[in-house]
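Novice: Got a structure for you, written out below as C-alpha cells; questions coming shortly.
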Amino acid sequence: MALGSAALFVLTLTVHAAGTCPELKVLDLEGYKQLTILQGCPGLPGAAGPKGEAGAKGDRGESGLPGIPGKEGPTGPKGNQGEKGIRGEKGDSGPSQSCATGPRTCKELLTQGHFLTGWYTIYLPDCRPLTVLCDMDTDGGGWTVFQRRLDGSVDFFRDWTSYKRGFGSQLGEFWLGNDNIHALTTQGTSELRVDLSDFEGKHDFAKYSSFQIQGEAEKYKLILGNFLGGGAGDSLTPHNNRLFSTKDQDNDGSTSSCAMGYHGAWWYSQCHTSNLNGLYLRGPHKSYANGVNWKSWRGYNYSCKVSEMKVRLI
C-alpha cells in the first residue's frame, strides 16, 4: 500500500467475534514508524456518584385551559339572616283623589272616558270609597249594579245585618248592601233598570223612572217611580212604599213572615209579585213563589237564570 507524502492514513481493522471485543488500529505517520494500538474491552460500570444539587427554579409555565365544570354539589345550609337594610327614600306622591274630586257614580265615570264594564271605586256623600260594578254597555251605560244573580254560587237567604252591609263576590253574585244602596240613591234622582234572563236564552227588562230606599231607621223603605216599560213587565210597583224584610226581621204586611215563607229578603207586602233574592232554583220549579221570581215575566214557578238590578243618576 502506498502512502502520500503529506497525508495521514488510518487503517482500522475491527474484528467482531462472539465473546471478543478487541479493536486493532494501525497508524502510519509520515516519517515515523508504524504504531499499533490494541483497545481492550470496556470495564465494569463504576459506582453511582453522589446526587447533584438541585438546579435553580425554572420560570413558571403559562396557565392551561380551564377544565370541564364539575357537577353541582348539594345545597348548603341556609345562612343566617342578614342585617336590616337602610330604609329607602320616600317615593313621590300619587295623584290625589278624594270624595271632593273623585267620581260619585258610574255615570260620572262614563263621562270621564271609562267605557269598559267592570269594578270601579266611587265616593259616597259621606266620603266613603265604595267599589262597585259599573255596567257601561247596557242602555247607554253608566249603571251602578247593586244586585246580581247568575249561578247560585252565593246564599241569599241571609239575615238583616248581611243585607245591611252587603255580601257576595265580585266574580259572581252579590248584594251591594242596603246602607250603600241608600247612600247611592239619595244623591239625586236615580232611575232603575231590572235585567232578567231565563235558561232558554231569553232576555228582557223592566225600567222605572226613579228608585230610592230610605235609611235603616225607616227599615230601608222602597220609594219607586213610574214603570217606563220593558218586556219583563211590571212586578215591582206592588212593593212600592213597603219596608225591607229578612228572615230575622219581619216588616211585611202579612200575618206570617214572607221572608221565611218564600226564602228571600225583599220589600214584601202580602207577600210578593217579585222575589229576586229568593232561592236559585234553575228554571221551572214545583214549589210556589220561592225562587228568583218575576211574576209578570215567567210567573211564580220559574226561577230566573240571571237577574241584575241597577241604578243610574238622571
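Quick reminder: no glycine exception, Cβ is built from N, Cα and C everywhere.
Because the structure is a prediction, the values reported are computed rather than measured.
Annotations for this protein, taken from Swiss-Prot, read as follows:
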{"type": "BINDING", "residues": "Asp250, Asp252, Ser254, Ser256", "note": "Ca(2+) binding site"}
{"type": "DISULFID", "residues": "Cys99-Cys127", "note": "disulfide bond"}
{"type": "DISULFID", "residues": "Cys106-Cys134", "note": "disulfide bond"}
{"type": "DISULFID", "residues": "Cys258-Cys271", "note": "disulfide bond"}
{"type": "DOMAIN", "residues": "97-314", "note": "domain 'Fibrinogen C-terminal'"}
{"type": "REGION", "residues": "49-101", "note": "region 'Disordered'"}
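Surface or core, plus neighbours and distances: that's what I need for these features.
Specialist: Asp250 (Ca(2+) binding site) falls within neither a helix nor a strand when secondary structure is assigned with DSSP, and so counts as coil. The local packing around Asp250 (Ca(2+) binding site), expressed as other Cβ atoms within 10 Å of its Cβ over all shown chains, amounts to 15.
According to DSSP, Cys127 (disulfide bond) sits in a coil region rather than a helix or strand. Neighbour density for Cys127 (disulfide bond): within 10 A of its CB lie 10 other CB atoms from the protein chains shown.
Within 10 Å of the C-beta atom of Cys134 (disulfide bond) sit 27 other C-beta atoms, taking all shown protein chains into account.
Counting only same-chain residues at least 6 apart in sequence, those with a Cβ under 8 Å from the Cβ of Cys271 (disulfide bond) are Asp252, Ser254, Cys258, Gly261, Tyr262, Ala289. Taken residue by residue with DSSP, Cys271 (disulfide bond) is part of neither helix nor strand, so it is coil.
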Novice: Could you check which of the recorded positions Cys127, Asp250, Ser256 is the closest Cα neighbour of Cys134 (disulfide bond)?
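Specialist: Given the candidates Cys127, Asp250, Ser256, the nearest one is Cys127.
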Novice: Ser256 (Ca(2+) binding site) has how many other Cβ neighbours within 10 Å of its own Cβ?
Specialist: 11
Novice: Tell me, how many other CB atoms lie within 10 A of the CB of Cys258 (disulfide bond), whichever protein chain they belong to?
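Specialist: If we count other Cβ atoms within 10 Å of Cys258 (disulfide bond), we arrive at 25.
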Novice: Quick check: which same-chain residues outside Asp250, Asp252, Ser254, Ser256 lie with their CB within 8 A of the centre of the Ca(2+) site CB atoms?
Specialist: Ser245, Gly253, Thr255, Ser257, Cys258, Ala259, Met260, Gly261, Tyr268, Gln270, Cys271
Novice: Can you tell which of Cys106, Asp252, Ser254 has the most other C-beta atoms within 10 Å, given these are the recorded positions?
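Specialist: The largest 10 Å Cβ neighbour count belongs to Cys106.
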